[in-house]
Every structure is written in C-alpha cells, then in structure tokens.
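Input: one structure, supplied below.
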Amino acid sequence: MRMSNSPRERALAAIAALPSFAPVPALEFTVGNRLAIIGDPDVAFGWGERVQQACAVIVLATAHHHRLAALRAAHPDALVLPVDRAAIEGHAGAYRVLWECGDEQGEIACDLILDLQATPHWSGFELPVGYFAPGSDPLDQALAVLALVQLIGEWEKPRYVRFSSALCAHERNRIGGCSRCLEVCDTQAIRPSGDHVAIDPYWCQGCGDCVGVCPTGAVRFQYPRPADWSTALSAALDAWSDETPCTLLCYDERWRGALAQWEAEGGELPDHFLPLPIWRTTIFSEEWLLYALIRGVARVVLVSAAESEKPALLRAAAMVQTVFEALGDPYAAERVAIVCETTPEALTKRFSAPLSPYVSPGRFRFRLQTEKNDSMRLIRDALAKLAAERQVDAPVLLPSGSSWGAVAVTDRCTLCFACTGVCPTQALQAGGGIPKLQFTEARCVQCGLCANTCPEQAIELTPRWNPSQEANQAVILRQSEPAYCAECGAVLGPRSVLDKMVATLQSHPLFGQPDRQLLLRLCADCRVKAQFRETDPVRIWEL
Ligand code: SF4
Ligand code: SF4
C-alpha cells in the first residue's frame, strides 16, 4: 500500500476516512406533465405541438390576437384559454395560473410553465424551478423546453437552509430591524412575515447569500452544515503538518469543472493548497472565515463565480482583516482572498507563495456549532486568548454592517424597557426588579431593533470587537434610584420618571390634594384598595 506523503494527500485521505455525516433533509417534488404555455398564440401553439408527446399542454394565449381564432380552428383538440392577464403562484408540480380575460377570470393548475410573454410574469431574479421565461430567441426557447421536460417525474432537492423564526430579528411590533437576507436573496424565496421572515423551501435554490449575511444565525446552511464542514476541515488540518502552511482553497460546483480539466491537462496545485469544494462559497460568513484562520489555516482563498456574489464576502473579509490587524498580524490583509472569474492557472500563480499561519494548527480544536451564537462564543473566546497574549484589550472599531458591536444609551433613556422586549438575543436585559438596563456585548448582533424601537431615540450602535472579558459580562448602561409603592414597598419604576409624572399631574384638579397625589405613588394593587377606601374615588373618565 502506498503511503500518503504530501500534506494535501494526508488531509484529503483524512476527510475521506470520516464517517458519513447525517443526511441533509430533502424536499420532494412530484412534477406531472401539465404544461402551461403563456404568450403569443403563434409561438405558444408551435411549442405546444412540439411537446405534446411529453406534456399535456394548455395554451394561455394573448386574447384579441388576430391569429387566435384561426389557430383555434386549426387545432380543435388543443386546450386554449384567451387571457388578458395572468398571475402565477406556487412551485414546480403545483403551479396555479390565475387568469383574467375581459370580465371572466379563473385559475388553472399545472406542473410547469413556459412563459413566452413579452413581459414575463417573473424576471430579474433567479427564477423558481419549473418556471421558464426564455425570451424571444428560438434557441433559448428550445433549451427551455428541453429543460422543462427533464423535470417531469419525482425527484428531490436538499433543504439547503434551516430557519429558526425565534432568532430572526426582522421586525418587532411592526418596527423594522434586520432585512439583510431580503436584500440579497436572488430567488425571492424570502419574504417578510410579521416579526420574522419566511423562506419558501421550494423557491430556495441554495445560493447561500442569506446565510452569509444573517447576523443571528436564524438562517443556517445545511448543505453542508457548519458543524460537518468544520469537522472535515479539522480532520484535514490534523493530518496536515505544522511545517507546511495551509492555503484553504474553497470553490463551488461551477468552478469544479474548470479545475478538473486543468488538472487533467497537467496543471497541479501548489503543495500548500488544500482544495475543499463546497456547494456555494457565498455561505462563508465571518463565522466560517474566522474559524478557519483560528483553526490554523494560513490563508483562505474563496473562488466566487460572479462579481455580484462578492460584496457580502468582501464585508465578511473586511471584518476578519480588521480583527487580525488589531492582533498585530502583518499579513492581516492577505488572510482572506476572494477571487472571481479566474482560471486555475492564474489563481495558483497569484497565490504560489505560502503564508505563515497566524495561529498554529491544533492550538484551538473546537468545531463550529449547530447554532451560530454558540460558534461565535467559541470564536470570541479564542480571539480573546490571542488578544490577551498580545495585550490587546481595547475595543476595535469594525466596518459598518458587522454583526459584533456595542450599544450605548444617552441621557434621553427613561428606562421604559421597550428595547429589552424586542432584543432577539437578550443582549439587552432589564435589571431584575430594579430600574436598570443591562447589556452583554458578546450577545449583540447589531440588528438595530432596539434603536429603531426606542421612543426616545436614546440608543446608539457601534460595530466593534471588544476583546476584553467585559464583553461577556452584563454591564449597566443606565440605572435609576427605584421608586417604591408608598404602601406595600413594591418597586414601581425609576424614581426620576415617577417624580416627573407627579410634578406634571399635581396641577390637575383631580390630583391637587396630597392624599390624591399619594395615589400616584402606589402600585396598581394598592391603588385599587385605596380607591375602595375612598368616599369620593378618582374616576378614570374624569381624568
Ligand atoms: S435575522 Fe437573519 S433571517 Fe432574520 S431578517 Fe435578518 S438576515 Fe434574515
Ligand atoms: S442589543 Fe444588539 S441584538 Fe439586541 S436589539 Fe439591540 S442591536 Fe439587536
């Protein structure tokens, strides 16, 4: 048996020897052969005739078209609906076309849709599976028809993401917070749904953009799961050698063919490259990048297929760079490289020189966790250790949009605690029975819900990395001397707020007398009891 000698061979052998990971949940599609063709009758009838062996076609033809009557006469068996307007809902195997024609309207169910309208119902984003809008080019139309016929049958695709609505910071009480995933989703699979967003798994095509930008981990990728990916990387790094720095090369399915062809033609990756293909490189958030570098990778090279995929990756890379710069790493700017539209030859030339790792492999041996919050805690702990060794303990400002940071309140804060009720991570908390607002920086994901909710606009956010232990502790942002119920001693709230309220109301005719003012200094229960004792109680409608 030949021994694996190079670090790369050992690393890849170690990954191959890992037990299989738990299967990713699948989404099942049952796609029948009902095809709706929408558009110009001439073209729609033409394609309808050509696919009639494979599909049960219904033509939704542009109404009032001068050729419609003649075509219907020539195809007496064809199912034809003249339509003025058509709206579409559903997904492959379960589409519904809601049509209107003059005063008439109705809907048809179909499995697949070929939309040949001049202005298709959907365009401008990655279209859902089973819906084709190829435009007017006959070649594109033919390719679409070939592709749609392939979809007939039963098949499944991975549930690419797992979504936890409780962690989503989209909205609270109709006040907006995070919308990052909505802004980047190219398939329109994500929609607002009350306090959180909702992800349509049938529309999701696994681009991973939302995963990379989600600050809370409400959206987690499952293809692969972070824990599985980090297990594979850990196994590879354990089999690697300390002497050879490791450049982690991650690329997606779309670049795999180019690399395979280049290697078949004699191209060879430098020894320090560890190639780890992944479904989409867009899933690399700061969590994955920081993990790789802390685990001992010297440099991460992400091959992205398109320029449009780069902004989110660049944001994450900028955050990582800032953290490593703060740690005094002279190669901080080179730790993460995002390249796109490159050839394997150009890429290997560009990164031919290895880089020394900042952290020696094996120093930190944790894996990424099921929940992002747990992963980030481990990552922050590791970074805090590195920072302590280099005597870095002052907070470091991070690029805007980073998901680490601080919250501060100004003097306008009245301790109303509207913010603690909306904070999805419990970074902001009330102070257990006394008027006190506490903040734990390590929990904050900078979603902005608290600032948007605060009626006094008293909250300010600062993206930053706080390497000190203080980040893990609840610090008091604001507190006030409590006011107690004058009868039972229960805490009523901040004394300053109560004093202000009493001062405002004492000029009111109903509270002019001291015994009436006393009512304002009672808790709800004691106030009711006091009201019953009074011969002339305050009536709410008199206020
Ligand atoms: S918290 Fe995550 S899932 Fe919720 S809106 Fe923001 S990015 Fe989307
Ligand atoms: S404290 Fe942080 S996590 Fe909580 S609502 Fe404010 S910005 Fe969001």
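For all residues, glycine too, the Cβ spot is worked out from N, Cα and C.
A quick note: this is a predicted structure, and the numbers were derived from the prediction, not measured.
If you look up TrEMBL, you'll see 195-224, 404-433, 435-464 marked as domain '4Fe-4S ferredoxin-type'.
Describe each of these features in terms of where it is and what it packs against.
Among residues of the same chain six or more beyond the domain '4Fe-4S ferredoxin-type' (195-224), those with a C-beta under 8 A of the stretch's C-beta atoms are 21, 24-25, 27, 29, 91-92, 126, 128-129, 157-172, 178, 180-189, 232, 278-280, 282-285, 309, 312-313, 315-316, 370-373, 375, 403, 424-425, 445-447.
Averaged across the domain '4Fe-4S ferredoxin-type' (404-433), pLDDT in this predicted model comes to 93.
Distant neighbours of the domain '4Fe-4S ferredoxin-type' (435-464): 169, 171-173, 175-178, 215-216, 373, 376-377, 380, 395-429, 470-482, 491, 493-495; these residues of the same chain sit at least 6 beyond its ends, with a Cβ under 8 Å from one of its Cβ atoms.
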Below 8 angstroms Cβ to Cβ, which residues of this chain, lying six or more residues outside the domain '4Fe-4S ferredoxin-type' (404-433), approach it?
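Residues 166-169, 172-173, 175, 177, 216, 319, 373, 380, 395, 398, 439-441, 443-447, 449-451, 453-466, 474, 476-480, 491, 493-494, 497.
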Go ahead and report the DSSP secondary structure tallies for the domain '4Fe-4S ferredoxin-type' (435-464): helix first, then strand, then coil.
8 helix, 12 strand, 10 coil
